[in-house]
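Below is one structure, written out as structure tokens, with a few remarks after it.
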Amino acid sequence: MVRSKIKYELIADERTRRETFRKRKTGLFKKLSELKTLCEVEACGIVISGDGTQAEVWPSPNAASQVIQKFINLPTSSQTNNMIDQAGFLRANLSRYSKNLDKESKKIESLERELRLAECLTKEEVVTRNTDELHEILRLLERKIGMVDRRIAKIEPSSSNMAASAQQTNNEPDHGKGKQPV
């Protein structure tokens, strides 16, 4: 059964919010435990309640302070190597989406050119808005003709060899079954 998508916004009901906080915190600590066990890494978690009165540390305050101390003792370049704030995260995603958008836009433009060329070939008339579009159709047509020429050049040597061998067999006398030379 597929779960419905959850809208992430503040839960208005206080009791429901506390219950959700308790369950999610337990789930987060369980995931940290799994990560530590499966990947043999050091991990800790600190969760402070919404009202700021209560902090819970996993696995223990001493273990968490040791992990934090190890992190602080790392060189600055190692500390910040994989850190990203929300603005950095959004910039990275925006950059990635922008590249994908550019790539897809170029695909669409190429397909539109192909469509215009196909329309020109089927209608046997060229309806364009300007000369640039005509030149673009001409370049595309020349590229397609070049592809066809290269394909023909690949096929011709093998087909001419087959034609030559077929012609040679036609010129030779047939001494097959039932036919005798005269």
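Yeah, the Cβs are placed from backbone N, Cα and C, and that goes for glycine too.
Matching 10-37, 94-121, 122-149 against TrEMBL, the residues noted as coiled coil span 94-121. For the coiled coil (94-121), the list of distant contacts is 127-128, 133, 136-137, 140-141, 144: same-chain residues at least six beyond its ends, Cβ to Cβ under 8 Å.
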